[in-house]
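Q: Just dropping this structure here.
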Amino acid sequence: MHKAYKLSVCFSSRIHLTFLTTQSEPVLSSPVPTQENITRLILEQKSATEALQTFRWASELRNFTHNQSTYRALIHKLCNFRRFDTAQEMLDEMPSSIGSTPDEDIFITIIRGLGRARMIKQVIKVPELVFKFEKKPTLKLYNSILDVLVKEDIDIAREFYRMKMMGSGIQGDDYTYGILMKGLCLTNRIGDGFKLLQVMKTRGITPNTVIYNTLIHALCKNGKVGRARSLMRELVEPSDVTFNILISAYCGERNLVQALVMLEKSFSKGYIPDVIMVTKVVELLCNNGRASEAVEVLQRVEERGGIVDVVAYNTLINGFCRLGNVKVGCRLLKEMELKGCLPNADTYSGLISGLCDSKMLNLALDMFNEMKRVGINWNFVTYDTLIHGLCSSGRVEDGLKILELMEDDKGASAFHISPYNGIMYGLYKENRLEEALAFLRKMENSYPRAVDRSMRILGFCENGSIDEARRVYDQMVGEGVMPSALIYANLISGFCSKGCVREALELMNEMIGHGYLPVASTFNALINLLCRQGRLGKASKLMEDIIGRGCLLDYGSYSPFIDVFCSNGDFHKAFMFFLQMVEKGIVPDYHSWNKLLLCLCQQKSWLEGNNKICRLSSQLQVIIQT
């Protein structure tokens, strides 16, 4: 007893000290805590037991009486810890303790507590508990139960509405129907949602905007944006949420025209779309090459007092950079700073990417160093972007220096292989294949699995076991490891040597998709294979595609065409490819000259026509001089 008494005294002293330290007024002027003080004190306790002890301690204070508020706070804490039996005891105690039965808010507190505990059967029985205290459940209480049931099971909620609510003569209000509509739409029962809408109208209840918005959102989520747009016309006064839903849906469908129409209607109604919707519109405009219009959208939002955050600006900057207008992106950086919108690492990473794509590598390095000056930490994306940009433009040594910085910055390395692949890509582009292989071996300690898979693939390719190499490649990709350009190049050459065009083309597309443009020796193998198979149209289309992507050709890219056309006796087409090669500044090799001249000697029609001979002779003379 002595020990229990000491514990009780210590607890009472601690609670009293807590009370003293939480008073906003001097202690002497308010010696007795108010119900508000005790309510707050109960809610601050870390367990149900402490909350109950605090409640009992307050009960013993002279001149203090509990009220509905303090009981509600205690019951809330008890429900949080699933002490529902104790909560029931508190309810039973209230009439004798404070002279009144529990109020509606206390019952709603119990409903929510039972809901969090997913005790659905007990939730449904709460109206019986209310009747026990000779009270009649209100619509607010029924709606609270319905809200809990909808989150658990819409069918149970609908049954409760029909049997318990309507059975008690309660028809429900906007909030009731809004809860039911939310449940139906969350379970994609859109047809039932429209039926509910019709029921409301039949009963003379005008559905509010929230109910319409719920149904409109469900339609959009299911790809029925046109139907959602039609439903919007039933709204007397659409809200800003209505427009946000439809703008987002049209952006998701890449329907720029309709997204802009909704944006204009939103502005005309005096609404300002939230920043997430604005950013989506900006992104869609930029993706459609209309970045200047995206600037206007942001300006209009700002003029109307809307928020334009750093994500919106980053989207706009990235849009200009992708369009090759990196100088505009740099200007936007200054503008957003002047407007008080501070850039972040993603802002600079986007600009560095744009500068690298525009071959403005020194400016990209300046931007990288500027980040440090203004106190923005380099992150993994920053390092990776700059390394890839430097290496893809032939500045591997600079890329290695940035890689060293990244390795020293432990917080940014993220243990991702991409920057290392960027270095190997640079070495591959410069045909420094031995160095690329040596660099791969150095990575073994950091990326043992990736290096092991890569070395096995290279070994299988060298031995001509291309099927085994592909099996390891698939395993590597399945493990989430991105292969390097070196791996792609060897696999493509391996499949070409086996005459497997489809597999080689697929790998080349994957390679380009990862940002690795193949060098001439890689795609020449595929062009040569297509020409040998007589698929000259496919080979020509491939050449056009790789030229459009910025790949550099060499004489080996044209030689297969010249060989095939000369072998077929089609000197004219062979000569056209020969001229294309020379026009691009590529010096023909001996083999191409020899094939072309041998083919010419066999062309009687060319040899017999003096004018043609003269023209050909002059063209060949120009080529030789070049």
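Each residue, glycine too, has its Cβ placed from N, Cα and C.
All TrEMBL annotations are machine predictions without curation.
Sharing the features that TrEMBL gives for it:
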REPEAT    67-97  repeat 'PPR'
REPEAT    173-207  repeat 'PPR'
REPEAT    208-238  repeat 'PPR'
REPEAT    239-273  repeat 'PPR'
REPEAT    309-343  repeat 'PPR'
REPEAT    344-378  repeat 'PPR'
REPEAT    379-413  repeat 'PPR'
REPEAT    449-483  repeat 'PPR'
REPEAT    484-518  repeat 'PPR'
REPEAT    519-553  repeat 'PPR'
REPEAT    554-588  repeat 'PPR'
Q: Under 8 Å for C-beta pairs, could you tell me which stretch among 173-207, 309-343, 484-518, 519-553 has the largest tally with the repeat 'PPR' (379-413)?
A: 484-518
Q: When secondary structure is assigned with DSSP, how many helix, strand and coil residues does the repeat 'PPR' (173-207) contain?
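A: Secondary-structure composition of the repeat 'PPR' (173-207): 26 helix, 0 strand, 9 coil.
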Q: Under the DSSP assignment, what numbers of helix, strand and coil residues are found in the repeat 'PPR' (208-238)?
A: 21 helix, 0 strand, 10 coil
Q: Based on DSSP, tally up the residues of the repeat 'PPR' (239-273) by helix, strand and coil.
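A: Going by DSSP assignments, the repeat 'PPR' (239-273) contains 26 helix, 0 strand, 9 coil.
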